[in-house]
Amino acid sequence: MGPCVRRDDGTIHGDTVNTNTLQNLHGTIALAGAGKMGGAMLTGWLAGGLDAKRVVVIEPQPSAEIGALAAQGIRLNPKDAGTVDTLVIAVKPQTFPEAGPALKSFVGASTLVVSIMAGTTIAALEKVCGGAAVRAMPNTPAAIGRGITVAVAAKKVSAAQRATADALLRATGSVEWVEDESLMDAVTAVSGSGPAYVFLLAEELARAGVEAGLPAELATKLARQTVAGSGELLHRSELASATLRQNVTSPGGTTAAALEVLMAKDGLQPLMIRAIAAATKRSKELAK
Ligand SMILES: NC(=O)C1=CN([C@@H]2O[C@H](COP(=O)(O)OP(=O)(O)OC[C@H]3O[C@@H](n4cnc5c(N)ncnc54)[C@H](O)[C@@H]3O)[C@@H](O)[C@H]2O)C=CC1
Ligand SMILES: O=C(O)[C@@H]1CCC=N1
């Protein structure tokens, strides 16, 4: 995961981060699992001004990048951290049954537990770890401060704990709160897994370019830059994606010819509906 770049105006790659909130967070924060997502979140917290000395990281296989953060003051795999104010769980859902009971030692009656594990329910979190749980689903653009996270809080989470969770999640992009936990499976399918679909689009656009006669290197460059540039245009523009699409499409032109295929009855729409349904189903299965 690449590092977040903090600008002097307190933004990370263009999205405003409330550095005051991160700097003013109280207590100790433990992160369990500093892999791709946990590592990206930790980078965002530190870039946003969180005091490294208040962060404990539990990670059996720390990357060199995570190991180096010990020099900045984070405590990596300490023997006796005791209970913490906030525990963020970023291990794989399949690892949780084994890892969860050990994490209980960090949780006191007033500990906020924030989980980003796909499928793992608030009920399961509270049963295994105790504490007051927030279930959240980020995505990998978090690594550049451009993620989107959806979060849902258990009833017992206090307003102050919710604000803490919000500040930690907002350090890597925007945050949406929902009240209905059952939405989290479809959220996971759309935005949690979503970046993979976009990267697949770049792969397949390049492959199709090669089929159409382009050298592989040029096709890869064109596809990558087209996906990245279009994403940035979508990010910066206030226009709906349908309008941005129509702006490319000259009547009777080349785009219209391609869209006739992509928007046919058996085109992208039914394929995407099936893909999202499969991911939603898998998220529900992970809860069992
Ligand atoms: N990768 C993604 O795009 C997203 C992942 N997630 C969720 O984030 C979680 C982590 O996923 P990734 O970062 O992709 O996986 P990852 O495999 O990169 O990270 C998991 C980390 O947990 C560590 N770990 C294993 N056992 C542990 C234990 N007992 N205590 C502490 N750490 C332990 C592993 O060494 C590894 O570094 C998963 O639950 C996943 O559902 C959520 C949104 C997006
Ligand atoms: O594939 C997964 O299960 C995780 C959750 C969302 C993105 N990656």
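Here the Cβ of each residue, glycine as well, is placed from N, Cα and C on the backbone.
All annotation found in TrEMBL is predicted automatically rather than curated by experts.
Record features (TrEMBL):
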BINDING   ASN77  NADPH binding site
BINDING   ALA90, VAL91, LYS92, PRO93  NADP(+) binding site
DOMAIN    28-119  domain 'Pyrroline-5-carboxylate reductase catalytic N-terminal'
DOMAIN    181-286  domain 'Pyrroline-5-carboxylate reductase dimerisation'
Separation of alpha carbons, the residue listed as 'NADPH binding site' and VAL91 (NADP(+) binding site) (Å): 15
Near-site residues: NADP(+), ref ALA90, VAL91, LYS92, PRO93, CB cutoff 8 A to centroid: GLY33, GLY35, ILE89, GLN94, THR95, PHE96, ALA99, ILE116, MET117, THR120
Among ASN77, VAL91, LYS92, PRO93, which are binding-site residues, the residue with the most C-beta atoms within 10 angstroms of its C-beta: VAL91
Protein Cβ atoms within 10 Å of ALA90 (NADP(+) binding site), excluding its own: 24
Inter-residue C-alpha distance, LYS92 (NADP(+) binding site) and ASN77 (NADPH binding site) (nearest angstrom): 18
Alpha-carbon spacing, PRO93 (NADP(+) binding site) to ASN77 (NADPH binding site), which is rounded to whole Å: 20
PLDDT averaged over the residues of the domain 'Pyrroline-5-carboxylate reductase catalytic N-terminal' (28-119): 95
Three-class DSSP secondary structure - VAL91 (NADP(+) binding site): coil
Distance [Cα-Cα, Å, rounded] between ALA90 (NADP(+) binding site) and ASN77 (NADPH binding site): 15
